[in-house]
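Annotated in TrEMBL:
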type	residues	note
TRANSMEM	26-45	transmembrane segment
DOMAIN	27-481	domain 'Major facilitator superfamily (MFS) profile'
TRANSMEM	65-83	transmembrane segment
TRANSMEM	95-114	transmembrane segment
TRANSMEM	120-141	transmembrane segment
TRANSMEM	153-176	transmembrane segment
TRANSMEM	182-203	transmembrane segment
COMPBIAS	243-255	compositional bias 'Polar residues'
REGION	243-283	region 'Disordered'
COMPBIAS	258-269	compositional bias 'Basic and acidic residues'
COMPBIAS	270-280	compositional bias 'Polar residues'
TRANSMEM	299-321	transmembrane segment
TRANSMEM	333-352	transmembrane segment
TRANSMEM	364-381	transmembrane segment
TRANSMEM	387-413	transmembrane segment
TRANSMEM	425-445	transmembrane segment
TRANSMEM	457-476	transmembrane segment
REGION	490-528	region 'Disordered'
């Protein structure tokens, strides 16, 4: 209780204390911060395609080499996810996000002075990539802790920040490049990303006091059961032959002061337990990263889903403008196509959050349907012709991308995957596994484009990865409660049967021998 009072007296540096998950309160401020962080992280990454042609002309490089900029950035962002989890558990989400904002801004500003594509590999790829990881993952994790019933809806709506960023940044950066050039435009973007640091200062930690009270109750129940067992022992000892020994050794029957000793010790134990319980909540923080989630088959399948689905997240946003230019569409109209995709993604995220907020509903199945439809959207791009054909495909893809991109990380908090208690560590490991696809996805698409001289191959590779992701996503629920658990139970039963062996055989005259002894003892007492 003293620790709680101190937290109230120092609101700027302490946690928000609630008796239960608030589903609001300061969580709305955290949701706004997440909206802005999404806009300045993934919104900038998805809008980076407007710089593609300028970088190819300035550095005289191919598609695949320019694609490595975003590829390295996404790889570093996802590969360092466990580091983000460890730092957040050690220093808190606020400081980590603020430090990440500084790295993101510094990397983008320095990249505006780059003289080769190798310089951008380091500045945007490594420096900004690490900043993106330290900014995004802690923000979405703490937002999930502020909401329970409305978690899916709030997270989906707040994640539309990147959609509004793409909608506004793509035309704005395109117009700004014509006025001041791509270098000063990139410098302006880097300065704008300093807003991540301001958003990080709003991420106040949350403490649920009810969990501490629940932990203080089991010792009381254990002491009661202890005395109940002692009373049962005393009752049985009176009926037994050697009851005198049991009566003198039981604490409820010892005369004098010893009879009151258990009562006097009991308040001391209860007085010490709250102190111990108040000191126990920091203990889980010592385990900075919990890799036990890797033993959960449902999480492993979900991680493979994220691994392959990541192939389809970034490449379409990077290649939609080059594809439109190859079809003879002007620069302005190409930027409008990317903006329309962003608008459709907003509606997709809100729609997914609204559907997943309905109860009762199995959210993992809704996610599976959206992933299958997203794969169909990727296949539709190569068949588009002209401005309106590409616009329809982009709107359809943007809507379906919103249903998946805004929910795949928050779904880790569902019981079908790992649950809210292990979400922090699970999110770090999950995003870490995504790093391989983030590294290989855009360059693989770039190599296919350079080899086939056709941008359609990039979308086919993304669709293939999305289909594989759908297969693993379909296995999450069966691995949680179905096939894998049944196999484990059968294996355990076989092991128990093999180790237990046959039951011991009793002699047929076992009961007769006991009855005979009892009759003999009864005759002896009668004779006495």
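Every residue, even glycine, has its Cβ placed from backbone N, Cα and C.
Curation does not apply to TrEMBL; its annotations are automatic.
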Recorded stretches the transmembrane segment (299-321) and the transmembrane segment (387-413) touching, at least 3 CB pairs under 8 Å: yes
Sequence-remote partners of the transmembrane segment (364-381) [C-beta within less than 8 Å, at least six residues beyond its ends]: 305, 309, 312, 316, 323, 352, 355-356, 390, 393, 396-397, 400-401, 403-404, 407-408, 411, 414, 416-417, 456, 459-460, 462-463, 466-467, 469-470, 473-474, 476-477
Averaged pLDDT, computed only over the residues in the domain 'Major facilitator superfamily (MFS) profile' (27-481): 77
Distal contacts, the transmembrane segment (182-203) - CB-CB under 8 A, six or more residues away: 29-30, 32-34, 36-37, 40-41, 44, 51, 54-55, 58, 93-102, 104-113, 131, 135, 138-139, 142, 169, 173, 176
Interface present between the transmembrane segment (65-83) and the transmembrane segment (387-413) (three or more C-beta pairs under 8 A): no
Same-chain residue ranges lying at least 6 outside the transmembrane segment (65-83) that approach it to Cβ under 8 Å: 45, 48, 52, 55-56, 59, 117, 120-121, 124-126, 128-130, 132-134, 136-137, 289, 310, 314, 318, 427-436, 438-443, 445-446
Listed stretch, out of 333-352, 425-445, 457-476, that has the most CB pairs under 8 angstroms to the transmembrane segment (153-176): 333-352
Cβ-based contact of the transmembrane segment (26-45) with the transmembrane segment (120-141), 3 or more pairs under 8 Å: yes
Range from 120-141, 333-352, 425-445 with the greatest count of C-beta pairs under 8 A to the transmembrane segment (457-476): 425-445
Intrachain residues whose Cβ lies under 8 Å of the transmembrane segment (425-445), provided they are six or more past its termini: 64, 67-68, 70-72, 74-82, 84-86, 133, 137, 140-141, 289-291, 293-294, 299, 302-304, 306-311, 313-315, 318-319, 409, 412, 417-418, 457-458, 461-462, 465
